[in-house]
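Engineer: From Swiss-Prot, for reference:
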- GLU97: active site, proton acceptor (ACT_SITE)
- CYS386: active site, S-methylcysteine intermediate (ACT_SITE)
- CYS117, CYS121, CYS124: [4Fe-4S] cluster binding site (BINDING)
- GLY203, GLU204, SER235, SER258, LEU259, HIS260, ASN343: S-adenosyl-L-methionine binding site (BINDING)
- CYS110-CYS386: disulfide bond (DISULFID)
- 103-381: domain 'Radical SAM core' (DOMAIN)
Amino acid sequence: MMNQDTLPNLYDLSLAEMERLMTAWGQPAYRARQIFRQLYVNLVDSPLAMTDLPLALRERLVAETRLAPLAPEQVHVADQGLTRKALFRLENGVLIESVLMIYPDRATVCVSTQAGCGMGCVFCATGTLGLLRNLSPGDIVAQVVWAAREMRRFAAERCISPSLAPPDDDSWWTPDTLEDQGSSEARSISVSRLSNIVFMGMGEPFANYDRWWRAVEILHDPRGLNMGARSMTVSTVGLIPGIRRLATETLPINLAISLHAPDDALRSALMPVNRRYPLAALLEATRDYLAATGRRVSFEYVLLQGKNDEPEHAAKLAALLHGEAGTTPLPLHLVHVNLIPWNPVPGMPLGRSERRRVLTFQRILRERGIACTVRVERGVSIAAACGQLAGARGLNVEC
């Protein structure tokens, strides 16, 4: 019997690679398109369910390939069922987490690109694990397939008719509010399928760039899940080579950069990566990215009580983005700041900014002409919010 670990994972294969496999097997190329459709449109979990294929081909797929859909070991639910965090155990035993967030007009899945993370940001639960391993393209794609299946079940339960395609727009930008939308949101749901992907789960995508980008191309393929490029967002701690590489890619993926501090001393204390890629170099790379793409960039800023949330921090951040601190000025019409009140992580001696401080910080930035919103929170009670994913039961916040 062949070792299952050495067999090709169907979720790892692009359509072109699947066509080459079929050709090598003496099959017509259109068989690959049938398989691709079964995987990403019909969302089957076994080659035997691909009933438009000859039985002999289905049996060969079972024998000579792997199809490893993710089945969660745990699913935690919050926000009246509109936020769902899944804990998955991968084939080699490591744990990762994904979060599905359902809104009235869209459904977004937050997926992991690594098991653990080696960036060591002091406010993030994932960083406490260290880097366990990079995820394969198939590991990343399988998380999205899980979310697509969840949305199919959700729509069926609510008798929502499927929409034809996900929005290819800027709907990932967060609403300008801190208010809990509550039960009215649950009643007004009309979305029926997965529409957005954010690569903001466990890990640093640009530290696993090649595998992450292969997953992006598979997810974008119009013959499969057909996720619009502008419906996908990648978040980085500021790995400059990745930012520069993304600027050259043909798919216009949205970019979010974790900033979290307005000066090098504070940012280095919060984010060790700043010692390698300090703010001046990061802003220069951001300016070059904006010039090359013309696409908006979001700066994410986690607010920590008494550490980076004072009015003087907001003023320094505004000066930084305006280029008044000896750094590269940015075209502010292409810049957005996303404020994120810190979400608690057990054992971390940090505090969450008060609402008053959050709104003051936002006001100062807006008065300087900087677009700024506060992220609407989801899943805090189940440790599914920003910075809380740890891929381990012991670090989860109990409901």
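Each residue, glycine too, has its Cβ placed from N, Cα and C.
What's the neighbourhood like for each of these?
Structural biologist: According to its DSSP assignment, GLU97 (active site, proton acceptor) is in a strand.
With a cut-off of 8 Å between CB atoms and residues at least 6 apart in sequence, the same chain places CYS124, THR126, GLY127, LEU129, GLY130, LEU131, MET202, GLY203, GLU204 near CYS117 ([4Fe-4S] cluster binding site), listed in sequence order. Reduced to three states, the DSSP call for CYS117 ([4Fe-4S] cluster binding site) is coil.
In the three-state DSSP reading, ASN343 (S-adenosyl-L-methionine binding site) counts as coil.
Within the same chain, the residues at least 6 positions away from CYS110 (disulfide bond) whose Cβ sits under 8 Å from its Cβ are SER98, VAL99, LEU100, MET101, VAL198, MET200, GLY201, listed in sequence order.
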Engineer: Which number gives the other C-beta atoms within 10 angstroms of the C-beta of SER258 (S-adenosyl-L-methionine binding site), all protein chains shown included?
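Structural biologist: Excluding its own Cβ, the number within 10 Å is 27.
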Engineer: Hey, does DSSP put SER235 (S-adenosyl-L-methionine binding site) in a helix, a strand, or just coil?
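Structural biologist: Note: SER235 (S-adenosyl-L-methionine binding site) is in a strand by DSSP.
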